[in-house]
């Protein structure tokens, strides 16, 4: 292992220990939306589990909607043979022309790494997928997955390490989610038609029920007020830290991003010449690291 890689891994461990650990209350901040008893809030609201069996998956959403913010969730993913399953943590608005910012965790056959699938939708259009394989086992312990969303950019982070940045490039005609309030959503569901090796590996229902674990649901952002406008300054967290408003990567963050994208990215829509045979999307011409 190179000295550079070792240093980055040590830094990742350090950042993990510094990841947001604010006490969360799923009773106060979230509501179970589907799955009946497959979704459970435990330990006085501190923990939540989602389960999937052959009859149904399950999910929950935030009680509030937000226009910009930082959204942190600690997850421990389905262990063992999770092929065909998808665990999610994402933001989305509703209706036609919706906006969405996705973390999706694609299950695997035992011994194979999880794939993180990311995407950004603006005004109903997505097709901006990037996928990564994690440098740790996400089923053995909790790790923090974060979305920073401000008017300038969207940053995806794992244990506070940036894995992707999607900049606001409306100046060149690229839609950016900035006007629709979004809720936080999470779910566990069956997608064995595409999730694992393009659908070639199916869900083994003898392993059901599958269970994913959530905790430390932490939001700093601008919730929607009763009048329908954005009310910045309120938060489900007691913290007054609003660094998310102007968050951008410093030199160390850019180095970590380059390391993740060079060593752990397994798909980048910007490099998909089969999909974009005539011309790559406009935003892909601006920066290698999106």
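Each Cβ is built from the backbone N, Cα and C atoms, and glycine gets one as well.
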Quiz item: Among 223-246, 247-270, where does TrEMBL put the label region 'Disordered'?
Solution: 223-246
Self-check item: residue 104 (active site, proton donor), number of other Cβ atoms within 10 Å
Solution: 19
Quiz item: Taking the Cβ of residue 100 (active site, nucleophile) as the centre, how many other Cβ atoms fall within a 10 Å radius?
Solution: 18
Exercise. Inside 10 Å of the Cβ of residue 108 (N-linked glycosylation site), count up the other Cβ atoms and send me the figure.
Key: 24
